[in-house]
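> Before I ask anything, here is the structure I am working with.
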Amino acid sequence: MAIRKKSTKSPPVLSHEFVLQNHADIVSCVAMVFLLGLMFEITAKASIIFVTLQYNVTLPATEEQATESASLYYYGIKDLATVFFYMLVAIIIHAVIQEYMLDKINRRMHFSKTKHSKFNESGQLSAFYLFACVWGTFILISENYISDPTILWRAYPHNLMTDLVQWWDCHREMGKAVVEELFKGAQILYGMITQRFQMKFFYISQLAYWLHAFPELYFQKTKKEDIPRQLVYIGLYLFHIAGAYLLNLNHLGLVLLVLHYFVEFLFHISRLFYFSNEKYQKGFSLWAVLFVFGRLLTLILSVLTVGFGLARAENQKLDFSTGNFNVLAVRIAVLASICITQAFMMWKFINFQLRRWREHSAFQAPAVKKKPTVTKGRSSKKGTV
């Protein structure tokens, strides 16, 4: 990101510089349009598609749990509207962090243009990785992933919406007392209201954040030589997050994201400390160890879940209505994409470590200067004997 210089002369309205300086205010106005639309009956139905999560069914509470109800979600085309709205929110939050935190630090530290750009990138990503990692860890703990890892592949697809709709259609003609008795036999559903909502909202937020990174390339004046690199890793994030969301591999995707985000958070926070003090290198050493461990653990969990857990499941039939994609071709494609991505990341990691090692060796090696040798004794005279 280039350093913005304050000018007393305001740029023309809707000009290039005007959009760059005021893009957060413009996006805030667009987001307010959707929020104001909720206040009027005519526009509320359209606005609610953008603001709230769609495709949910709320199960009524029983007499014992009169204050609670169970809500389960699945995905659909309306999720694109929700992702768009929260992409606007991500742009606003990005601008707030940039203006009220990172820009103030930059003015104090007086970084060069190269360090200024990298500092902003690490500052934004470290804040996002920390938030997403804490949020994802909360979901993992609340759904007992640690105590029962078989949740990663058990009862796939992890989308009970279709089964509940079919169950309700079969039993809604029964008496109220009979229906409540059946609900008592499914108490586990009532503990899923928060987790199911949090799971879908987590994925919607992830997609919104990484989609917002595309316009940020323009808003932050990213250098042309840095754009291909950023497009690659943004595309990889969107590909894998959307794949886990659409294939109903929500549990596996959540675990892998939390693991990856923690390692990436450590890297970017170490880089922030390095910019403040170039002697700080311990964080990078710890990150290097955890990076390799994270890649290994990612492969183990992926093979265990997709290669063994889903491969041994009874229901191995492609069914779009129930969201079941547990077939051999899909499993091979999922494992292949994960393995190729991990290999690509390891290749980039090895090149990065080799480059750092060469730079460190060149900096530490003392400059050996050749001194002229002085011979002791009498100098020989040339001549005939």
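Keep in mind that glycine also has a Cβ here, set from the backbone N, Cα and C atoms.
Remember, predicted model here, so these are calculated numbers, not experimental data.
Below are the features I grabbed from TrEMBL:
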TRANSMEM  26-51  transmembrane segment
TRANSMEM  83-102  transmembrane segment
DOMAIN    117-360  domain 'TLC'
TRANSMEM  123-141  transmembrane segment
TRANSMEM  201-219  transmembrane segment
TRANSMEM  231-248  transmembrane segment
TRANSMEM  254-274  transmembrane segment
TRANSMEM  286-308  transmembrane segment
TRANSMEM  328-350  transmembrane segment
> Taking the transmembrane segment (83-102) as the reference, which of 201-219, 231-248, 254-274, 286-308 gives the largest number of Cβ pairs under 8 angstroms?
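By the under-8 Å Cβ criterion, the transmembrane segment (83-102) pairs most with 201-219.
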> Going along the chain, which residues at least six beyond the ends of the transmembrane segment (254-274) come within the CB cut-off of under 8 Å?
118-119, 121-123, 125-126, 129-130, 132-133, 136-137, 139-140, 145, 152, 199, 202, 206, 241, 244, 280-281, 283-284, 286-287, 290-291, 294, 297-298, 301-302
> Can you name the far-off residues of the same chain, 6+ from the ends of the transmembrane segment (26-51), with a Cβ under 8 Å from a Cβ of it?
19, 78, 81-82, 84-85, 88-89, 91-92, 95
